[in-house]
Amino acid sequence: MSLMLEPNPTQIKEERIYAEMGLTDEEFAMIEKILGRLPNYTETGLFSVMWSEHCSYKNSKPVLRKFPTTGERVLQGPGEGAGIVDIGDNQAVVFKMESHNHPSAIEPYQGAATGVGGIIRDIFSMGARPVALLNSLRFGELQSPRVKYLFEEVVAGIAGYGNCIGIPTVGGEVQFDPCYEGNPLVNAMCVGLIHHEDIKKGQAHGAGNTVMYVGASTGRDGIHGATFASEELSESSEAKRPAVQVGDPFMEKLLIEACLELIQSDALVGIQDMGAAGLTSSSAEMASKAGMGIEMYLDDVPQRETGMTPYEMMLSESQERMLIVVKKGREQEVVELFEKYGLAAVAMGKVTEDKMLRLFHKGEMVAEVPADALAEEAPIYHKPSKEAAYFREFQEMKMKTPKVDNYKETLLALLQQPTIASKEWVYDQYDYQVRTSTVVTPGSDAAVVRVRGTEKALAITTDCNSRYIYLDPETGGKIAVAEAARNIVCSGGEPLAITDCLNFGNPEKPEIFWQIEKSVDGMSEACRTLQTPVIGGNVSMYNERSGEAVYPTPTVGMVGLVHDLKHVTTQEFKQAGDLIYVMGETKAEFGGSELQKMMYGKIFGQSPSIDLEVEAKRQKQLLEAIQAGLVQSAHDVAEGGLAVAIAESAIGAKGLGATVKLAGEATAALFAESQSRFVVTVKREQQEAFEKVVEAIQVGEVTNTNEVTIHNEENEVLLTANVDEMRKAWKGAIPCLLK
């Protein structure tokens with residue numbers, strides 16, 4: 001029980017207690033001006049979380065405004081729990097990606113698990129049924145015992161939550177680089193389906209309507225989680241372990257069903273997840289978005305610990321809780337609905353007209369703050385930006401092609417690089433078939449999930465090559481979006497829209513802010529050219545350990561529409577005799593490549609270049625060919641270059657190989673990472689029809705020899721590799737490193 005006396009308003013100011021909560025002197029002065037008096041301890045807490053970068057985006061808003069956020073299919077853009085895109089037939093797809101990086105660095109199992117739980121709540125709070133989960137993970141090198149521990153625990157946490165709740169984890173990506181050693185990135189994405197008339201908003205309309213708290217009880221976990229996520233990790237972060245929340249997937253499963261049932265009733269006015277900043281953000285945001293106020297009686301909050309103060313209740317980030325507004329007089333039916341699922345639903349306040357958030361506890365008013373001041377009026381900072389010193393140096397480097405002596409050994413070594421190697425060790429822990437809608441399981445370019453009751457499906461992917469973005473943030477930003485779209489197209493989908501998770505270092509450092517600005521410029525341009533608007537996302541700053549920032553990692557989560565299940569395409573070769581085509585030119589581009597990192601132990605120079613108009617044209621041609629039934633397999637050429645893409649297409653097949661002839665200098669032809677390229681196979685009898693639609697070069701054919709042989713133009717053999725040997729190297733790499 002906490003008997004600690006809270007400091008009074010004068011002490012808060014004189015002893016600068018607000019600074020410990022993350023507020024600056026200027027911000028505290030603004031609060032004093034807004035209120036016309038000094039704030040008390042609880043009110044200072046409300047402002048400190050709502051004005052943190054994590055909740056207010058005060059450092060990133062000017063940059064985020066550059067994203068294109070509208071389109072003919074967009075039903076809901078940024079600003080609600082998740083974005084929504086129309087997919088026809090009165091149906092829509094709802095999706096969002098969020099980070100849980102800081103909690104996962106401290107307490108990896110619960111950090112990752114509650115990241116999954118939180119993103120699921122964002123989806124069903126919109127009225128949608130969650131149908132798929134994905135993730136994008138970054139770790140240091142697996143040789144480090146600490147990294148092994150983080151990797152194993154994060155994957156176990158994602159699996160533990162997703163498997164228990166019964167939503168399939170259908171895809172994702174995992175990359176390894178030394179810069180993530182002390183600060184892993186854990187980005188979780190959830191996708192849901194909804195009928196247009198069921199869309200709900202997090203808005204508290206109707207004065208006199210009742211504010212209800214539903215779900216799990218409130219404890220002291222996660223207090224100041226939003227503030228913790230707005231500072232750099234350090235040795236003292238370990239002491240902040242209590243700030244990591246604990247998840248209960250079985251409770252959340254019940255919460256999903258109860259909320260989706262409630263959404264079908266006309267008693268519900270508005271609903272929002274209690275995520276970052278818990279009760280504070282949900283109440284202030286719902287009131288502010290509706291232009292209303294809210295009064296809450298905190299004695300009625302279900303509490304699982306004794307003696308909790310208003311400050312603790314308002315700032316707790318306990319999991320599996322929602323705030324709802326219901327029509328006055330309908331409270332009892334809501335209570336009964338939740339009781340049926342064994343969940344609490346408690347009336348704890350009402351909507352008012354005066355735009356104030358008022359909190360009462362033990363008969364006294366303990367806070368009175370304008371809702372807009374918390375939700376909308378955080379100061380916006382235009383941070384200084386300065387080109388990173390390394391950028392000019394990398395741009396001026398004369399790039400040489402790495403010297404490779406043995407092409408086969410190099411290919412086998414690349415297949416064992418953890419970023420390229422099979423992630424089966426990861427996804428075998430996930431239930432990716434639950435609910436039986438998964439058409440394409442993890443391991444191909446994109447996951448594909450059918451839309452029940454139709455012939456349609458969703459193609460879903462997460463992508464980001466942060467090495468390219470480090471070398472050249474603007475070009476790398478373009479590539480991140482383009483690669484996501486490439487993966488969707490290779491799976492037979494038409495790219496619809498993206499959600500993003502912008503993971504960066506400390507924005508107060510001008511060179512980091514420059515990375516943020518430039519990568520968003522690149523992403524925005526790619527989104528416009530490829531017609532994939534940004535419908536929501538998340539910003540995670542301060543990803544640094546001991547002053548070293550992670551690579552700039554703006555992860556892209558993209559959803560595409562497969563108009564007919566018969567268009568679904570995968571990367572593995574299908575039958576001997578099929579012709580192999582390469583779309584796109586190969587240049588000697590090795591900056592940020594797997595080959596460069598493997599040979600030199602670091603990355604440098606220029607990232608691969610990209611022409612977005614060319615990218616868009618190629619994607620359109622390939623999608624047309626797939627929809628016309630002319631394509632057997634399609635795979636985008638990414639890390640490791642053409643040799644790896646061809647190897648992966650053979651590894652995924654059974655008993656098939658390939659014989660291929662590549663033009664140009666051998667090392668570049670095999671391993672360069674030029675953009676906008678695809679490996680496509682076509683039935684011989686469809687050669688003419690395919691070549692009418694698609695500009696591509698035929699480079700060889702699929703064989704039944706179980707070997708991949710690659711020749712140069714003079715017909716000299718560059719490499720011959722047995723497919724079983726390649727599969728063993730590729731599949732065994734990560735388990736071997738974990739021993």
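Any Cβ shown, glycine's included, is placed from N, Cα and C.
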Query raised in the report: Out of G140, G537, G547, which does Swiss-Prot tie to the same ATP site as Y57, K96, D500?
Result: G537
Query raised in the report: Which one is it: of the binding-site residues S99, N101, D122, D273, whose Cα lies the shortest distance from the Cα of D500 (ATP binding site)?
Result: S99
Query raised in the report: So of all those recorded positions, H54, D122, G537, N538, which one's Cα sits nearest to S99 (substrate binding site)?
Result: N538
Query - Of S99, N101, Q319, N538 (the binding-site residues), the residue whose Cβ has the fewest other Cβ atoms within 10 Å - result: N538
Requested in this report: Report the nearest neighbour of R121 (substrate binding site) in space among the recorded positions K96, H100, G537, comparing Cα positions.
Outcome: K96
Query raised in the report: Which one is it: of the binding-site residues D122, D273, E317, Q319, whose Cα lies the shortest distance from the Cα of K96 (ATP binding site)?
Result: D122
Query - Residues close to ATP site centre defined by Y57, K96, D500, G537, Cβ within 8 Å - result: L64, P78, M97, E98, T499, C501, L502, V534, G536, N538, V539
Query raised in the report: When neighbour density is defined as the number of other C-beta atoms within 10 angstroms of a residue's C-beta, which of the binding-site residues E98, D273, D500 has the lowest density?
Result: E98
